[in-house]
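J.: Copying in the features that Swiss-Prot gives for the protein in this structure:
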type	residues	note
BINDING	10-17, 57-61, 120-123	GTP 1 binding site
BINDING	184-191, 231-235, 296-299	GTP 2 binding site
DOMAIN	4-169	domain 'EngA-type G 1'
DOMAIN	178-353	domain 'EngA-type G 2'
DOMAIN	354-439	domain 'KH-like'
Amino acid sequence: MARPIVAIIGRPNVGKSTLVNRLCQSREAIVHDQPGVTRDRSYQDGFWGDREFKLVDTGGLVFDDETEFLPEIREQANLALSEASIALLIVDGQQGLTAADEVIAAWLRHSKCEILLAVNKCESVELGLSMAGEFWRLGLGEPYPVSAIHGAGTGELLDRLISILPPKELIKDEEEPIQVAIVGRPNVGKSSLLNAICGEKRAIVSAIRGTTRDTIDTSIVREGKLWKLIDTAGIRRRKSVNYGPEFFGINRSFKAIERSDVCVLVIDALDGVTEQDQRLAGRIEEEGRACLVVVNKWDAVEKDTYTMPLMEKELRSKLYFLDWAQMLFTSALTGQRIDPIFSCASLAVEQHRRRVSTSVVNEVVYDALSWRSPPTSRGGRQGRIYYATQVASSPPSFTLFVNEPKLFGDSYRRYLERQLREGLGFEGTPLKLFWRGKQKREVEKDLKRQQNKSSD
């Protein structure tokens, strides 16, 4: 079931992101003393009692200034309100009622949302009651005193919030989109690729490095599926990045990788694989994300019949973290091989979520053992694999029960992973292998228990 959306609204530095983290019991929203840290919309899941909802953190609203990113922040807040059921206005109890709060309150009255008012930075009950009093003048109903830092008053606020959420029976089921993070170094053509995929100018494209600083979400239907494409800020080495918008954009790019179903890693065909590309590939593998490597600007490469296979071999030798990922040579400028991106990404997601029965896994493992026996230690003790089973998906994860894990070196572990891939597939997704030591008699009990279950 789709979750109703609550838009968090307020002027800069009233503690919106801190309150989001408190209400969702997380630390996902970036929090900093510098005003204006949040620019784009940031979504987090929350729940209270028997209700689930999504909180949308927005940037600090300023209506009398057109400089920097303030118009874009207002546009993002408008988009948040357009999809929300409730607008939660946050004000600063320590600063008191300001003219900016009154402007925002007047603006909110034109929205279709229910409006809830929270007075933040009320660090005690007595102080909160006195601070909240003057905010009745906004005409938005009862102000709820809260402390985002300490949690005071948040229970009462959440009680009120879920009481005005739309009834469960009125909330329609929605298809969950496949999330695709388009990642890469600055100026490799990520935004151009997004525009080519969508067939429209969805993202700003410029020769200036780092034009995209925020993540840009675009929904699109392809291959009979709903996709959410996330264009991210170009990722440079941390020591090359000054503290500021680009710094936070890169942090959000890493978060986009974490929340994606599949990553499209964009490589510049003219530059080849750089050290930063390798770091990014390693990050994707560490996060366990499915991946497709797109080599962009293929139209600018002088080529003959042998150019593509030779370049693929060279690129793969440097992207050894992602030797399991498919590779496409594309041109966002001409549209060459843009359409296959979806079929390749769809296959990668399917394999990422796939599960295989224990019996099939063990057929592959026992076949691998027949071709290459486990190593023997200097003391003459040989490694033994009793059985294996898939314990998770996204990414596919397997536990191998063995007599002693340290008897299996890196070389043999890589061999087993290759054999699992050859026998089971899993193209486009990393595999996780866990080696667990177990006594033989414990294994026999496990196997007997499994046999009894299958016969029931």
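Glycine is treated like the rest: Cβ placed from N, Cα and C.
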J.: So which of the binding-site residues is most packed in, judged by how many other Cβ atoms lie within 10 Å of its Cβ, out of Leu61, Cys122?
T.: Cys122
J.: Averaged over the domain 'EngA-type G 1' (4-169), what pLDDT does the prediction give?
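T.: Across the domain 'EngA-type G 1' (4-169), the average pLDDT comes out at 83.
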J.: If you run through the domain 'KH-like' (354-439) with DSSP, how many residues end up as helix, strand and coil?
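T.: Helix/strand/coil tally for the domain 'KH-like' (354-439): 32 helix, 22 strand, 32 coil.
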J.: Compile a sequence-ordered list of residues in the same chain as Trp298 (GTP 2 binding site), six or more apart from it, whose Cβ lies below 8 A from its Cβ; state 'none' when nothing qualifies.
T.: Ala269, Phe329, Thr330, Ser331, Gln336, Arg337
J.: What is the total of other Cβ atoms whose distance to the Cβ of Gly184 (GTP 2 binding site) is within 10 Å?
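T.: Gly184 (GTP 2 binding site): 25 neighbouring Cβ atoms within 10 Å.
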J.: If I take the alpha carbons of Asn187 (GTP 2 binding site) and Thr58 (GTP 1 binding site), what is the distance between them in whole Å?
T.: 27
J.: Helix, strand or coil by DSSP: which one applies to Cys122 (GTP 1 binding site)?
T.: coil
J.: Please report how many Å separate the Cα atom of Gly184 (GTP 2 binding site) from that of Thr58 (GTP 1 binding site), as a whole number.
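T.: Cα of Gly184 (GTP 2 binding site) to Cα of Thr58 (GTP 1 binding site) measures 25 Å after rounding.
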J.: Between Lys190 (GTP 2 binding site) and Thr58 (GTP 1 binding site), how far is it from one CA atom to the other, in Å?
T.: 24
J.: Counting other Cβ atoms within 10 Å, pick out the least crowded of the binding-site residues Thr58, Asn187.
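T.: Fewest other Cβ atoms within 10 Å, among the binding-site residues Thr58, Asn187, is found for Asn187.
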